[in-house]
Each structure stands twice: as structure tokens, then as C-alpha cells.
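So that you can see what the record holds, here are the features copied from TrEMBL:
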type: DOMAIN; residues: 296-359; note: domain 'MIR'
type: DOMAIN; residues: 370-427; note: domain 'MIR'
type: DOMAIN; residues: 431-491; note: domain 'MIR'
type: TRANSMEM; residues: 12-32; note: transmembrane segment
type: TRANSMEM; residues: 68-88; note: transmembrane segment
type: TRANSMEM; residues: 100-120; note: transmembrane segment
type: TRANSMEM; residues: 154-174; note: transmembrane segment
type: TRANSMEM; residues: 186-219; note: transmembrane segment
type: TRANSMEM; residues: 240-261; note: transmembrane segment
type: TRANSMEM; residues: 575-597; note: transmembrane segment
type: TRANSMEM; residues: 609-627; note: transmembrane segment
type: TRANSMEM; residues: 639-659; note: transmembrane segment
type: TRANSMEM; residues: 671-691; note: transmembrane segment
Amino acid sequence: MLGLLKNPVMVTVEINMNLVALTVIGLISRLWGLSYPRAVVFDEVYYGQFVSLYMKRIFFVDDSGPPFGHMLLALGGYLGGFDGNFLWNRIGAEYSMNVPVWSLRLLPALAGALCVPLAYQILVELQFSHCAALGAALLILLENSLITQSRFMLLESILIFFILLAVLSYLKFYNLQRHSSFSGSWWFWLLLTGLACSCAVGVKYMGLFTYMLLLGIAGLHFWHMIGDQNLSNVSLMCHFLARGLALVVIPVAMYLSFFYVHLTLLYRSGPHDQIMTSAFQASLEGGLARITQGQPLEVAYGSQITLRNVLGKPMQCWLHSHTNTYPIRYENGRGSSHQQQVTCYPFKDVNNWWIVKDPGMQQLVVSNPPRPVRHGHIVQLVHGITTRYLNTHDVAAPLSPHSQEVSCYIDYNISMPAQNLWRVEIVNRESDTDVWKTILSEVRFVHVNTSAVLKLSGASLPEWGYRQLEVVGEKLSKGYHQSMVWNVEEHRYGKSQEQKEREVELHSPTQMDISKNLSFMAKFTELQWKILTLKNEDTEHKYSSSALDWITMDTNIAYWLHPTSGAQIHLLGNVVTWASANVAALVYACLSLWYLIRRRRKIYDIPEDAWQLWVSAGGICVGGWAVNYLPFFLMEKTLFLYHYLPALTFQILLIPIVLQHLGNHLCRSLLLKSMFSALIVAWFSSVYLVYRTFSPVTYGEPSLSVTELKDLRWKDSWNILIQKQ
């Protein structure tokens, strides 16, 4: 033991100075002057609202994607001590002193800076030279659009970071596969691949494209492993299970965890929760939860209830009636029943209350013990204030003549008998004996006489109906469309048989105490469905563009304009880099086609290892560009130039790959190699010069004169802002 102490303990560390230098320069380029401008820049007005809601723990729904990216932005605000008190109402608004601008923009900037060393490492793992890897990193470093996008409270730089991290992790895992399967490093990089993929998808659904690409590549690699006779069946099964755990199970679990944290943080009611179901709203603190706390769970004969339509479109509304009747004749000359109007009203009102009555009994109070209503039971619905019965008959609805009119029955003694029996069908029942439950049960009301289903048509009634929404009896009902489904939102057990006492009771709070908290999976399923299906009205934006405009950068986005000077910030790319990326992709496609045709003729222009390297690099870079770009041609949404940045990043990585291939395999003579090297130096110098030329509108300073701004308008389609003097 003492002999071991005779020699000093030595630790040897290898440091890649290229990597260190690139990281430092990347941090400087993205973090320098990060608090400038101290004003709301473009989509900061959008994401800032969500950060404020996180700080105040108020629930919201963003139909643009999952919550992980928003949580990261909110983390920056939390670390900076932001209290959420700022009105994000317009681009260019000056930030107040309580807004930690540097902290809010820090995480996107760090992510953008780390993309530089990631690009370097990806090309190294693809077995390209350190010179090519350095070139890729420098191209990412000097790309004006990536700099601009990473210096503000936006999500694209974070998305690109996780995409590149996923690619790098998989490449490191794959390279370890050959000699150290199931080692600690092997497991680390495999698990990190899955985690990075789930984070990319959690930031924006665009991350799903790269995730599917890596899954495809992993599947192809495993398919090749199956053909390896040196691997036993047990070993193959272990490899398959390891990949399934890391690339499928863990990403799904991580994705769920994002929503779990999101829903845990946002426990308070807010304006966005109105699009959610009553059950979801009741699970939030305040709002509907305050109203419904202590309600009876089981609906019984004699219960007083309000019925909310599940569809929630064109707006949330409740089954409603009032003393007014349908006009004797409509504007088109059709006649009506002249019965009491039944509508769907988008505001809480005493006329939204109904009493569930047993058709065989006269009492309108709950018995002791209460008799619960079950799936399939026949009920009558009595309007609480007017005491008239919900009714439908073979009379055309006011605005939907193919459907039946729904009314509250008035006995005019004109041979039109009441038809007011309704069968309760619980849509989300677990058995045919389920009890009708407050908030939780989604029910259809099927008219016994005509089999019509109570439905919200969504049409707005004329002035005689106070512009409230039309309710009809749908005779040809197929399936369970949400417009036909209702749930009890407010509920109390009726105690007063006399009408005047009952009217007072309808205004009084409930007394019983029953909890109706939703499970996490129920809340996740509902929120996920809302995110995927909730679409804002597409409006044409001044800076929106088509996917075709991105290739040649025929568009730009003005992010910020100083109110007095000519200082401004634009999302504009490095023209030389974008053009070079397009040329590299074209050269790669043409060379690949040429090689394939020649190989089909048994002519091998390059060694087999060079061919495999060429194909694998194309699978990552060209594949990454394609999956992150081509889907936009199928999307019906407002598109902007920044949507192209993930695809552009992959295309930039392809440039040094093509250059190294041309230099190694097509420039055979020393003269050609020298000329080629000189061209690369000249080309890269032009990349740097363009970066420097456009840096004033990348960083927003120094301020430029009108003449200088006009000189930057290299394309007529670019919208460079010129202030009137």
C-alpha cells in the first residue's frame, strides 16, 4: 500500500482546442449585447405572454406546439426574478425595469452558441476531416439568420440545438457500436439520443421530422445487424430492446413529463381554459372550480342543472330558454310552432337552469335518498324559471329546415300534443348501468317520439332570437359528434316544490362537497387534442412567405426598428452561404446519381469506404434538409422564413462535406488541388465579408444611414425599412 504512494497520481486530459475556441467564439457572437434592444422584438410579443402566465401560474393553451420550449423560456424569466407583470401588447414596446431582458433571452442564445461546436463534432463523427468540421462550424457561426434568431426570446435556436444534439448523440452511439456495445458510453449516447429527440419534439412539433429520420436510420442500421451471422439471437433481441427503450419508451415518457410539469405549474384558471371541457375547468383553481366546488356528483331526479355543449364552437354555450316565442312566420315565409324559444346562450344566466324530472311523478325535488339517473333512463327537462318542458316535434327548425325545431312546450290547444320525453345516453360510459355524473359524464338526449338528438347547430339566430345560437333536433344522427353531446356543469339538488321558492333556490350556492379532480392522463389527452385541433384563423401577415421563397431567400422579416434612428434588426441570411448550400445540395444529388448509374455498370469511381461515407453523410444532411423542409408544402398555415432554419442548418453541414469530397476525389493533380484550395479561401472570405456587411441589421447596431440601408437591399423583394426624415 505504501509503495503506491511513492509515485504521484497522474491525470491526463485531452482538450480539443478547436472545440474550445469554437465554443468561446460562438458564445461571444450570440451573447454580446444580448439586452439590446431593450424592446419587444417580433414574436417576443407572443412568447412573452406565455412567460408571464407561467410566472403567475395561469393556465393557457398554445396551439403552435407542446409546452417544453415555453417552459425553458419561462425558466429564464424565473432565474432573472421576473414577476410576470408586463403588458405584451405590441412589437417595439420598451421593456419596463422589472423585465430581466438578458435572462429571458439567455437560454435561446446559449442554445444558438452551442450549435457551433455541435456542427464541428457532427462532421468529426461522420469521419470527415477536422478541417471540414471546422468549416461547418464556422459557417454556422457566421450565418446571420441563425445569429438573429438565437438572440431573442424565440424557440428556433433551442429546437436546432436539440436536433443537432440528437444527431450527434446517435452518431457517437453508432460509432461505439462496432467495438464497445452495451458499455457505459454506448448506453449514455443512446439514451441521450432519445432524450434529445423528445426535447426537440417538446419544443416544437417540427422536431418530430428529425426524430422520425433518426428512427428510420436506426431501423436501417438494425436491419443490417440482423444479417450479421456473428450476432446471436439473444444479442439481437437485447439490441432491439435497448433501442426500443431509448428511442421510443423514454421519449414518450419524457414527452408526457413535459405536460405533467406544465399542468402542475399552471394550476390557476385563466381566459384560455374556457375552450376546455367543464371537467378540465373544474380542476383548475378559481374560475369554474370556485363555482362548482361542493356540487353533488350524481345527477338525480329533481336535480337542478346547467347543460354545456361539449363542442365549444363557435363559442362555449349552455342550453337556454326564455319567455319569448318563435315568430309565427319566418322571413322566408315558413311557419313555426310559435312555442317558447330554446337556444344555446354563451353566458352564465339563471335561464340556463333545468330540472331533471321523472315522467312518472309530479315532484320537482330530490327524494331522500336521491334516485340517480342512469344511462338509458327516460327523463323530462323542465326549464327552471318558466317551468315549461323541453320539447321537439316534426316542425322545421328556424335556420336548419332539415332538422326539427326544439322548444319549451306551450299548450295552445290546437291539436299539437307535448312530446317531451328524452332518453339519456352517456357517451363515455363504462357500462350500460353507469350513473349520470356532474361534469364527468358526456350525454346525448335522444327524443323518444322522433329519435331526434338534441344538437347545437352553431347558427346564430336573428334579432328575434337575440343572436343566440340555434338548438335543433337532429333526425339523421350518425355517431357521437360533439355538437350532440352535453355535460352537466353546475348542479344542485332541488329542495323547493313551490315555484317562487325554487327561483330563489336557483340563485343560491350548493352545499354538498364532492371532489371531481381529473387524472393527469385525462387532462393530458384533452390538452393534447386541443393543441392538435385548435386552429386560429389564418390571417395574411406582412412578412409571411411561401416555402419556395426560402430557397433563394427572396423574403426577409423586419424584427425591430428603432423609433428615431435608422437602427433595425432583420431576419436575413448570409447570401453566399444560402447560395452555396443550394449548390452543394445540387452537386450532391447529381454526383450521387452519377455514382449510382456507374456502379450499376460495375464501374467504381471512388473506393467503397468513400462511397459509404458519402451515402451516410447524405442520409443525415440531405435527409435532415428534406424532412425539415418538404413537409411545409403540405401545411395549411401561415409560414415565415424562420421555419426554414432547421432545414438550412442541415444543408450548411453538407457544404464542407461536398467540398472535401471534390478535393479528395475529383481534384487529382497538385495544380488542381492548389487552385481548389485557393477558391475555397476566396469563397470563405466572401462568406465573412457578407456576414460583416449585414451584421448591423443582425445585431441592430451601429445605426445606418438611409443610403447605407438602401445599399443593403440586394434584392427587390427585401423589405428594408426606410424611415421618413
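Using the three backbone atoms N, Cα and C, a Cβ is placed for every residue, glycine included.
Any TrEMBL annotation is an automated prediction that lacks curation.
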Can you tell me how the residues of the domain 'MIR' (296-359) break down into helix, strand and coil by DSSP?
3 helix, 30 strand, 31 coil
Going through 575-597, 639-659, 671-691 one by one, which has the most CB pairs that fall under 8 Å from the transmembrane segment (154-174)?
639-659
Within the same chain, where does the transmembrane segment (100-120) have neighbours whose Cβ lies under 8 angstroms from its own Cβ atoms, ignoring anything closer than 6 residues to its ends? I mean 6 or more beyond.
18-19, 22-23, 25-27, 29-31, 34-35, 38, 48, 51, 72-73, 75-77, 79-82, 133-134, 136-137, 139-141, 146-147, 149-155, 157-158, 160-162, 164-165, 168, 649, 652-653
When you scan the chain for residues with a C-beta under 8 Å from the transmembrane segment (671-691), skipping those not six or more beyond its ends, what do you find?
135, 138-139, 142-144, 574-577, 580, 659, 662-663
If contact means at least 3 Cβ pairs within less than 8 Å, sequence distance 6 or more, would you call the transmembrane segment (240-261) and the transmembrane segment (575-597) in contact?
no
Intrachain residues whose Cβ lies under 8 Å of the transmembrane segment (609-627), provided they are six or more past its termini:
122, 126-128, 163, 167, 171, 209-210, 212-213, 217, 585, 588-589, 591-592, 595, 599, 646-651, 653-654, 657, 661, 664-665
For the domain 'MIR' (431-491), DSSP counts of helix, strand and coil?
6 helix, 27 strand, 28 coil
Mean pLDDT over the domain 'MIR' (370-427): what is the value?
90
